[in-house]
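A short write-up of the structure that comes next.
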There are 2 protein chains.
Amino acid sequence: MKEYVVAILGATGAVGQRLISELEHAQIPVKEVKLLASKNSAGKKLKFKNQEIKVEEARPDSFNGVDLVLSSAGGAVSQKLLPEAVKRGAVCVDNTSAFRMADDVPLIVPGVNDDQLVNHHGIIANPNCSTIQMVAALYPLHVKWGIKQIIVSTYQAVSGAGKAARDELLQQAQDRLNNQETEAKILPTASAKKHYPIAFNLLPQIDVFEDDGYTHEEWKMIHETKKILYNDQDSQQIKVTATCVRVPVEIGHGETVYFVLKDKSVTAAAIQQEIKKTPGLVLQDDPQNQIYPQPLLAAGKKETFVGRIRPDQENPGAFNMWVVADNLLRGAASNTVEIAECLVRDNLVHVPK
Amino acid sequence: MKEYVVAILGATGAVGQRLISELEHAQIPVKEVKLLASKNSAGKKLKFKNQEIKVEEARPDSFNGVDLVLSSAGGAVSQKLLPEAVKRGAVCVDNTSAFRMADDVPLIVPGVNDDQLVNHHGIIANPNCSTIQMVAALYPLHVKWGIKQIIVSTYQAVSGAGKAARDELLQQAQDRLNNQETEAKILPTASAKKHYPIAFNLLPQIDVFEDDGYTHEEWKMIHETKKILYNDQDSQQIKVTATCVRVPVEIGHGETVYFVLKDKSVTAAAIQQEIKKTPGLVLQDDPQNQIYPQPLLAAGKKETFVGRIRPDQENPGAFNMWVVADNLLRGAASNTVEIAECLVRDNLVHVPK
């Protein structure tokens with residue numbers, strides 16, 4: 001059985017650490033693990049299956065002899081280093097937005113469109129966290145009945161903006177509880193000119209604004225969804241619009257998803273059945289017993305949780321739904337490692353000539 | 001000039017206390033204020049314009065000699081006591097859901113449909129907090145261009161569930177910061193069988209569930225909106241659907257409002273102009289300078305804040321919008337007192353024979 005040398009790029013970050021623990025349990029025969037990070041983090045020691053591994057500074061030569069790269073070190077780092085890794089024969093699964101919309105880069109949610117991995121040229125992209133959980137929930141419905149339109153509002157946890165954002169939320173909450181003035185330095189996005197408190201607040205800005213008034217996060221949800229669900233001629237016609245809002249939650253994104261099916265005769269019960277039988281999805285939809293997805297219940301889990309499925313009573317074929325998933329696992333590390341598992345399963349861990 | 005005896009029913013609650021302070025500054029000549037509450041709160045002393053007033057137990061006879069009742073003591077209390085008040089000649093503005101959908105009770109948002117006050121029979125209803133701010137923002141657009149469809153997702157603050165819910169949020173947040181187990185006793189709704197933590201969480205349940213899978217809060221948004229915007233034959237055709245979610249915010253509801261206009265040629269700039277010139281609405285919509293509504297900025301204010309207005313790029317005539325307002329003021333006390341101001345202005349403070 002072939003064994004693989006796996007490098008984790010960005011190993012010390014919130015997603016990087018989850019990549020390590022997900023890889024420990026993955027269906028991937030691992031010969032050796034290399035942990036790569038920025039110069040600042042080099043020398044730190046992290047554990048893989050109880051074995052201590054020293055973090056090395058990521059450089060082009062770090063990828064010599066590496067078969068598989070799991071990357072979550074930021075878009076600029078991916079842009080610079082992944083082509084170097086591919087040049088050295090490594091297949092890269094990238095968790096940043098750097099390559100997602102490139103024509104020759106498959107954008108993959110396992111269980112949805114992993115059949116497209118066969119077309120890879122060395123780099124495979126992991127979609128945005130908020131896209132993954134929505135597409136995972138909608139895909140079985142799209143295959144069975146065809147989706148015409150999606151209108152989504154997100155309730156996104158601060159850990160999506162990194163560990164510093166999570167620390168900031170907790171510090172601001174403590175300041176409020178102490179009745180003290182508080183400070184904001186990270187959110188809505190570190191590069192922004194202005195920062196606003198997130199504790200006990202809502203920020204309708206995730207990532208930077210585009211010229212058309214949509215944020216880049218909203219742009220990602222719209223265009224990544226189209227790219228992933230485009231599995232036949234018709235699918236390109238799916239209309240998608242999104243509003244993304246940051247909420248004072250540590251882990252776990254919520255989404256209200258309004259979707260319109262081509263088939264106007266579908267019932268909520270039929271949708272619940274499809275969700276229930278799809279691997280990776282968990283139906284939590286029993287209102288009379290107050291069963292519905294919640295971030296505190298989804299945190300630490302790899303599945304996507306779906307509930308509150310009910311028809312728009314005045315628009316046949318249209319439904320409301322509530323979807324929750326752990327943004328660091330389902331929305332990042334688990335999806336990345338599952339892509340790597342598919343690559344191993346399908347014997348695709350090699351860069352095509 | 002006529003002066004009025006005003007009773008505040010439920011004076012010791014979160015909204016009740018805001019009714020007192022709003023009344024201090026209202027365009028209502030006040031002869032005397034009576035503060036009414038449950039037996040438990042009787043004897044407490046509260047201030048109106050620096051004058052101490054003793055809270056009395058609310059009974060049918062409390063309304064003898066009262067001209068105007070501002071009521072926020074819960075649906076069951078309104079149901080029992082307001083007909084008694086009307087019998088004694090008092091006009092009642094009720095902040096509960098007890099009478100909202102009754103055919104002979106006007107459901108009023110001042111500035112939107114206060115012309116319907118003339119039809120009152122003694123009781124006037126204040127809409128649900130989440131309905132008021134949405135309808136306030138949409139009404140000028142509906143008058144000018146006609147609204148066909150509304151799809152709303154709410155991000156609702158805990159103070160909408162009372163002071164105890166707000167205390168619970170803060171206690172749970174402190175427990176999390178101390179890394180201690182926490183308890184839930186109030187939310188999602190006090191009468192529910194199960195309670196869940198709201199700190200650092202999201203609860204897609206506000207009020208109880210109806211048989212069709214919608215919550216009663218969602219039902220209120222759908223049906224109250226139709227009742228309020230029904231100002232011509234056509235308006236009854238507005239389609240409305242809603243998902244209501246409780247978020248860990250103290251004060252200030254957020255709403256993502258997707259709406260479809262009959263006129264497909266309308267631009268975002270034209271909508272911004274309408275919002276800007278409508279009294280009671282504040283346009284906060286400058287993405288490049290990160291200007292958008294936030295609960296922390298809206299708390300303590302009477303206006304409704306509107307931003308993130310942008311077209312659905314694939315559906316002409318459809319727009320996304322973000323609306324925030326103080327749920328205790330704009331969504332409750334301010335609206336109630338403004339209804340009373342309209343009654344005084346139009347000389348309607350008398351029960352028709």
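Every residue, even glycine, has its Cβ placed from backbone N, Cα and C.
Noted in TrEMBL for the protein shown:
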- A:5-120: domain 'Semialdehyde dehydrogenase NAD-binding' (DOMAIN)
- A:Thr12, A:Gly13, A:Ala14, A:Val15, A:Asn40, A:Ser41, A:Ser159, A:Gly160, A:Asn327: NADP(+) binding site (BINDING)
- A:Arg100: phosphate binding site (BINDING)
- A:Cys129: active site, acyl-thioester intermediate (ACT_SITE)
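This view paints the features noted in TrEMBL onto the structure.
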residue  : record                                   : CB count, 10 Å
A:Thr12  : NADP(+) binding site                     : 20
A:Ala14  : NADP(+) binding site                     : 21
A:Asn40  : NADP(+) binding site                     : 10
A:Arg100 : phosphate binding site                   : 23
A:Cys129 : active site, acyl-thioester intermediate : 27
A:Ser159 : NADP(+) binding site                     : 24
A:Asn327 : NADP(+) binding site                     : 28
Three-state secondary structure, which DSSP defines for A:Ser159 (NADP(+) binding site): helix
Rounded Cα separation (Å) that holds between A:Thr12 (NADP(+) binding site) and A:Cys129 (active site, acyl-thioester intermediate): 19
Secondary structure content, the domain 'Semialdehyde dehydrogenase NAD-binding' (A:5-120) (per DSSP, counts of residues): 37 helix, 32 strand, 47 coil
Nearest-integer angstrom distance between the alpha carbons (Cα) of the residue listed as 'active site, acyl-thioester intermediate' and A:Asn327 (NADP(+) binding site): 6
The residue listed as 'phosphate binding site' and A:Ala14 (NADP(+) binding site), Cα-Cα, nearest whole angstrom: 21
Where the record names A:Thr12, A:Gly13, A:Ala14, A:Val15, A:Asn40, A:Ser41, A:Ser159, A:Gly160, A:Asn327 as binding NADP(+), the maximum Cα to Cα distance in Å: 26
Averaged pLDDT, computed only over the residues in the domain 'Semialdehyde dehydrogenase NAD-binding' (A:5-120): 96
From binding-site residues A:Asn40, A:Ser159, A:Asn327, the one whose Cα lies nearest A:Arg100 (phosphate binding site): A:Asn327
